[in-house]
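J.: I have a structure here, written as structure tokens, and I will follow up with some questions on it.
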Amino acid sequence: KSTSTSSKGGNTINVGVDYELSNDLAQYGQASLDGIKLAVEEINKAGGVLGKQIKLNIQDNKSDAAEATNVATKLAGAGVVAILGPATSGNVKAVRPVVTQNKIPLITGSATADDVTLTSNGVAKYIFRTCFNDSFQGGSMAKFALENLKARTAVMYIETTSDYSKGLAKSFKEVFTSNGGKILGEEYYQSKDKDFRSVLTKIKGYNADVIYVPGYYNEVGLIIKQARDMGITAPILGGDGFDSEVVPQEAGASLDKVYFTNHYSADDTDPKVVEFRKAFKAKYNKEPNAFHALAYDEMYFLADAIKRANSTDPEKITDALASTKDFKGVTGTLSVDDKHNPIKSVVVVEWKGDKQVFVTKINP
Amino acid sequence: MMLELKDLHVYYGAIHALQGISLKVEEGEIVTLIGANGAGKSTTLNTISGLNRVQNGSIIFNGKDITRMSPPDIVKLGICQVPEGRRIFPNMTVLENLELGAYLRSDKEGIKKDLEDVYRRFPRLLERKGQLAGTLSGGEQQMLAIGRALMSRPRLLLMDEPSMGLAPIIVKDIFNIIKEINQSGTTILLVEQNARMALSIAHRGYVLETGRITLEGPAKELADNPQVQKAYLGG
Amino acid sequence: MGVFIQQLLNGLFLGSIYSLLALGYTMVYGIINLINFAHGDVYMVGAYVGFVATTVLHLGFVPSLILSMAISAVLGIVIEKVAYKPLRNSSRITLLITAIGVSLLLEYITMYIAGPDTRTFPKVLVNHEYTFWGGQISISNMQIYILVISLALMVLLQFIVQRTKIGKAMRAVSIDKDAAQLMGINVDNTISVTFALGSALAGAAGVLVGLYYNSIDPLMGIMPGLKAFIAAVFGGIGSIPGAMMGGLLLGMIETLVSGYINSNFRDAVAFIILILILLIKPSGLLGKNTVEKV
Amino acid sequence: MPPLLTLSDLTKTFGGLSAISNVNIEVHQGEIVGLIGPNGAGKTTLFNLITGVYIPTNGSLTLHGEVEINLAKASPHEIARMGIARTFQNIRLFKNMTVLDNVLLAFHTHVNYSMWEAILHLPSFNKKEAQLKKEALDLLKIFNLDRKRDTLAKNLPYGEQRRLEIARALALKPRLLLLDEPAAGMNPQESAELMELIKWMRKEFNLTILLIEHDMSVVMGICERIYVLDYGSLIAEGSPEQIKNDPRVIKAYLGEV
Amino acid sequence: MSKKMRVSILNVVVLVLVYITVQILISAGIINEYIQLNLFLLAINVILAASLNLITGFTGQFSLGHAGFMAIGAYMSAIFTLKLNLPFPLGIIAAAVSAGIIGILVGIPTLRLRGDYLAIATLGLSEIIRIIALNIDYIGGASGLPDIPRYTNWTWIFFTTVATIVIIRNFIDSSYGRACIAIREDEIAAESAGINIAYYKILAFTMGALFAGVAGALYANYFYMLKPNSFGFMKSIDILVMVVFGGMGSITGSILGAAVLTLLSMYLQNFPEIRMILYGLLLLIIMLYRPQGLMGNKELSWKVLRRGDRNAATINTQ
Ligand SMILES: Nc1ncnc2c1ncn2[C@@H]1O[C@H](COP(=O)(O)OP(=O)(O)OP(=O)(O)O)[C@@H](O)[C@H]1O
Ligand SMILES: Nc1ncnc2c1ncn2[C@@H]1O[C@H](COP(=O)(O)OP(=O)(O)OP(=O)(O)O)[C@@H](O)[C@H]1O
Ligand SMILES: [Mg+2]
Ligand SMILES: [Mg+2]
């Protein structure tokens with residue numbers, strides 16, 4: 001079945017949004033949507049793409065895989081040129097067959113699992129992302145822990161229902177142990193938990209050099225606070241899920257020796273980053289987090305591909321996306337590799353008070 | 001005139017349960033309401049208590065129209081009911097049930113005195129005052145229901161088949177108690193299957209048939225009426 | 001040993017939060033036999049009211065708490081009047097569905113107004129951590145507050161329900177509404193009072209827990225609501241000491257499972273224990289084994 | 001003739017309360033036996049023990065027949081299948097089922113189609129189900145309820161509910177029928193009709209009946225033998241004449257005339 | 001008798017017509033992929049609602065764990081078709097059998113627990129199922145099991161749904177079904193009428209679970225992807241909403257309830273910002289106006305549809 005071409009004629013380019021806007025992942029989905037909306041606003045104000053305005057077709061997938069498929073099918077039927085989202089790897093994988101069949105490109109900003117862009121039949125032709133995959137991010141942090149922090153032992157504190165968390169933990173463990181480190185224990189929490197003391201009591205007993213907490217900011221802020229309150233002093237490490245002002249707000253004065261891998265550091269002086277942060281703050285009156293930034297880049301990434309393809313034909317956009325070279329986004333300068341992962345460097349950032357401080361940069 | 005029902009119509013959904021009931025109760029009387037199963041006796045009492053919506057007609061109590069009053073307000077006026085099937089509070093103790101009977105009162109002394117009165121009338125309740133009411137036997141529950149109603153010191157007491165399920169010795173007691181309660185100044189509207197007994201203590205009576213009053217008169221007259229004898233007194 | 005004691009304390013404090021919610025839950029539950037799914041969301045609204053009171057109105061802790069309890073109480077009454085009262089004679093499962101509707105409404109209206117983001121409270125109460133036993137055991141003042149407050153509320157509620165007139169009316173209404181009316185009890189008012197009380201408790205819990213963890217969001221009520229429901233059932237439906245005990249035990253079980261068995265299976269093991277206990281005591285720990293008299 | 005049912009040294013306590021203590025009763029095939037006693041004497045408790053709703057604290061219950069059955073070890077539904085049916089003091093109908101379905105349900109123990117036949121609605125099922133319905137209607141006709149077959153049980157007036165309960169019990173095709181205050185809430189006229197019905201039923205269905213009743217005209221009118229319970233113990237046993245004149249019974253239960 | 005036959009034949013004819021018409025519309029592309037997806041989802045929900053109705057509506061056992069049974073079936077079928085490369089019918093059978101067996105296990109607590117205590121136990125058991133699934137790497141754990149072959153098509157959907165409805169309806173409409181309803185009405189009276197309540201409660205759970213398992217299999221092999229979190233507590237609630245909304249104790253009600261709520265959810269996709277607000281509001285309004293559900297405990301039948309019929313009148317006044 002070939003794709004509908006209804007979007008070609010009009011004066012707009014229809015872009016589908018399939019995000020987690022309600023239920024448990026609503027925070028992340030809505031954050032992503034905020035980023036996308038800002039980008040669309042800027043693009044349209046600047047005259048659009050190929051002289052056409054971007055029009056978003058926003059749908060809520062209720063944080064559910066089947067609903068994500070449902071919505072994607074609807075969007076495909078409505079003739080969108082590309083789909084942005086979903087936010088999580090599982091939901092992207094659920095949608096993957098739909099976009100493949102309908103030959104529409106999909107860009108996600110936060111589905112990090114390695115196999116999101118890889119199926120049993122090779123690379124998923126229509127799937128792209130602006131975020132790192134788990135191996136790269138988890139591995140980078142492992143290297144940082146070993147080399148910069150001279151850590152020899154680690155405990156991992158993982159969110160049990162999240163593929164992101166489990167994915168990062170897996171690659172952290174692989175790299176950490178294969179380079180001589182030792183994982184003393186793996187402990188688990190659940191998203192929406194608020195009390196972590198029992199497991200932290202246990203973690204305290206491990207006396208590990210570092211604690212790797214690949215999670216999202218909501219719980220991470222609380223974990224850091226409670227850990228420090230209980231007298232756990234080891235550095236706490238994480239991924240781009242740490243990038244939100246919620247972390248210092250929740251953790252307050254307890255924030256100490258907290259490092260995480262990210263796309264940029266808030267103290268980055270790159271004008272692109274500075275401008276984005278300013279624009280975001282003006283529109284939403286808060287600091288952008290990783291979800292905002294990655295989704296913002298999603299939209300520009302797509303716009304860039306449409307421009308280069310000089311067409312709104314999804315197939316051509318797909319090809320353009322696949323051949324992206326040195327696209328300059330907020331979250332880094334990105335090239336798409338043959339596995340549809342963005343090649344961009346990762347930075348390690350430390351939370352110092354409510355400020356992020358650049359520590360080091362790790363190239364792929 | 002203490003209580004007057006004027007042409008009362010009540011429906012349960014499509015069922016026309018009361019089809020124009022008119023009756024009167026004078027201060028100080030025992031009036032009995034007899035009739036077959038499903039005639040509408042309980043419906044009449046519940047309607048007076050404010051539990052049913054009146055479609056048509058009116059209820060006047062001491063000159064006051066109470067047709068659309070809420071049950072608690074009606075209790076406040078001094079109309080209390082011993083409901084059919086006892087309706088005691090099974091998960092509460094006997095004592096708590098009695099205390100609830102006095103829910104609207106605040107005269108501590110009076111309540112205490114009435115409680116003693118109830119215990120004197122029903123020594124079995126004193127014996128079991130700490131027991132959960134739900135585990136009482138049927139008869140014990142009936143005593144509790146009557147005792148509970150007395151605790152509100154009603155001016156008009158509506159009693160729905162108070163002798164149902166009671167041992168003969170207690171049935172006699174109950175009727176004696178009803179008489180006694182009446183003599184100490186409480187007006188009583190009594191619904192009974194045990195028509196013979198009811199008519200023997202009542203001043204006046206009404207016969208109810210499928211939602212209508214078919215006969216009325218002094219209790220003696222009714223008891224002697226052959227029609228009543230055949231239908232309600234077992235020939 | 002120190003660790004074990006710390007774990008027990010962790011469980012106790014976690015449990016006291018469950019208890020705090022379960023108390024209000026069980027009150028409402030006891031009287032209209034309704035699984036008030038919206039209870040967790042009233043708790044959330046209470047937290048948001050506290051947030052607005054402290055950040056926007058710059059009120060102190062106590063005024064914020066009172067404001068939040070008051071607004072929650074009103075919210076509780078309104079919910080009851082609008083959503084539950086018309087359905088009093090319907091099946092309990094129907095009411096459950098309505099409660100879910102109310103719960104979704106509260107969650108997503110809040111999300112619509114305040115956004116989905118996590119908010120943090122300003123420090124109107126300072127957290128002090130006290131350590132004992134050479135740092136092996138640590139307790140914070142907030143934990144003590146919450147435990148003490150929930151214990152005090154339990155005693156207070158138990159007193160109200162068992163000893164006061166309105167409490168007896170509540171119980172009578174819960175057993176037989178018509179018979180209660182015949183006693184002169186105003187059923188509507190009694191139910192309103194119950195909802196007000198239960199919801200005020202939820203509001204208080206919202207502020208306290210919001211302050212303690214310093215993190216609130218529109219969906220924050222779902223899990224605690226569910227846990228409180230479990231705790232209330234566990235302790236015996238309608239039993240106030242039962243709710244307290246159910247909450248504490250649930251907290252303890254969760255903590256000990258994460259601490260000594262496997263944090264991954266925390267909820268699974270907790271549920272297994274819960275089900276086993278229920279199988280032994282089918283009406284909860286302190287629930288009256290109401291053998292129906294045949 | 002050996003008795004149909006023997007209760008020996010039967011005891012049941014609730015907490016500290018002895019609701020039944022050391023009761024010995026024999027019921028013979030074909031009898032109508034009365035069980036009377038003051039409120040709270042333990043009559044209903046005795047029924048509950050016989051039907052397996054309560055488990056005895058002590059003593060034994062034996063149902064005689066081709067084999068002797070120890071009822072204390074059986075569950076209520078097994079006891080029902082063995083041929084003991086009952087009615088309840090507080091009517092327990094299936095309120096939201098129709099009159100017909102209430103009776104049909106009680107035929108369940110005699111259903112002769114398999115679940116597969118039912119699920120596939122095979123013709124054999126339809127035939128057997130129609131047969132059941134016919135039997136049920138016949139039974140309802142006896143109780144004058146056939147015209148209300150499609151009424152929900154909860155919408156019946158009280159008296160008809162009592163009759164339906166008896167009809168439902170009969171649908172089990174029992175050997176022994178336990179009636180707990182069947183005349184409660186009936187007026188004398190209705191009670192008299194009920195007495196006729198009970199006598200007729202015994203003959204027609206070859207029943208043995210154990211009856212709890214406070215209405216003395218009913219008890220004295222149809223029972224051949226009467227047991228009197230007081231505070232959980234038997235205080236008298238005998239013919240209606242004997243019981244009527246037994247001073248202990250008069251003192252505890254009947255009251256002076 | 002002949003009237004019964006006539007009705008049966010009428011039913012069969014209508015069903016065959018529906019089947020063929022939809023099949024033609026799908027082949028012709030008039031029913032596009034999106035409508036088809038929602039149609040299939042609707043049918044799966046019908047199976048779920050009808051099977052839960054058997055447990056909760058008819059037998060009166062308050063279950064909050066129906067999603068657990070669905071999860072078992074879904075994963076089992078996915079393992080059979082994806083991991084073991086076995087044909088779909090085997091997957092469905094495995095789903096039904098395994099969910100049925102779990103149904104027996106879940107049914108056992110019903111022997112001691114009642115009402116909300118039972119609800120908590122069933123909720124707990126389904127959560128246990130979900131948590132175990134989260135931690136089995138073989139089936140993808142938290143990240144889920146992707147790339148499940150899409151075998152579910154209109155033929156499968158149609159015939160399994162119809163079979164489910166017919167079987168449950170016929171069951172209810174027999175002495176066995178009456179036994180279940182009697183248990184709902186009064187357990188003590190049911191026992192005294194010779195009903196083995198333990199047997200029927202477990203039977204109801206087993207049958208209900210079995211069909212939920214089948215629904216799970218259809219779901220797994222249609223949506224490509226399974227995640228344990230799709231079978232959480234809220235999913236059970238969603239199914240319960242369909243049952244209550246349609247009318248507890250009415251199979252046609254379950255069909256209607258599932259249909260209306262599926263379509264509602266589909267329609268509300270157009271309002272992403274306020275979708276859940278609208279949903280909550282609608283739940284509330286619907287329940288307030290129709291507390292007994294669309295159908296109450298009546299069944300929709302040709303009789304009722306043909307107004308003039310006298311029997312229909314009695315059904316309506318019940
Ligand atoms: N809640 C109800 N819903 C529907 N119908 C009812 C209801 N209560 C009573 N009825 C019907 O109303 C009529 C009158 O019933 P009511 O209970 O008043 O009779 P009664 O004279 O008290 O009979 P009994 O002697 O059996 O107690 C009966 O036909 C009964 O079926
Ligand atoms: N489940 C129970 N728990 C505690 N006590 C009980 C229970 N069932 C019965 N009793 C007690 O046992 C005694 C006998 O009760 P039972 O119901 O058998 O009396 P009864 O002879 O049937 O009286 P009535 O004629 O009033 O119905 C009563 O005192 C009652 O309080
Ligand atoms: Mg009556
Ligand atoms: Mg009795």
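Each position is counted from 1, following the chain as shown.
Glycine is treated like the rest: Cβ placed from N, Cα and C.
Sharing the feature lines straight out of TrEMBL:
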| type | residues | note |
| --- | --- | --- |
| TRANSMEM | E:12-31 | transmembrane segment |
| TRANSMEM | E:37-55 | transmembrane segment |
| TRANSMEM | E:62-82 | transmembrane segment |
| TRANSMEM | E:88-108 | transmembrane segment |
| TRANSMEM | E:115-134 | transmembrane segment |
| TRANSMEM | E:154-172 | transmembrane segment |
| TRANSMEM | E:193-219 | transmembrane segment |
| TRANSMEM | E:239-264 | transmembrane segment |
| TRANSMEM | E:276-292 | transmembrane segment |
J.: Excluding the flanking five residues on each side, which residues at least 6 beyond the ends of the transmembrane segment (E:276-292) place their CB within less than 8 Å of a CB in that stretch?
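T.: Long-range Cβ neighbours of the transmembrane segment (E:276-292): 241, 244-245, 247, 264-265, 268.
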J.: Look over the recorded stretches E:37-55, E:88-108, E:154-172, E:239-264 and say which has the most C-beta pairs under 8 A to the transmembrane segment (E:193-219).
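T.: Ranked by Cβ pairs under 8 Å, first place goes to E:88-108.
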J.: Other than its close neighbours in sequence, what residues sit by the transmembrane segment (E:37-55), given a CB gap under 8 Å and a spacing of at least six beyond its ends?
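T.: Answer is 22, 31, 61, 63, 66, 69-70, 152, 154, 157-158, 160-161, 164-165, 168, 171-172, 180, 204-205, 207-212, 214-215, 218-219, 222, 239-240, 242-243, 246, 248-251, 253-255, 257-259, 261-263, 266.
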J.: For the transmembrane segment (E:88-108), I need the partner stretch with the highest count of C-beta pairs below 8 angstroms, choosing only from E:62-82, E:115-134, E:154-172.
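T.: Looking at each of E:62-82, E:115-134, E:154-172 in turn, the most contacts to the transmembrane segment (E:88-108) are made by E:62-82.
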J.: Look over the recorded stretches E:62-82, E:115-134, E:154-172 and say which has the most C-beta pairs under 8 A to the transmembrane segment (E:12-31).
T.: E:154-172
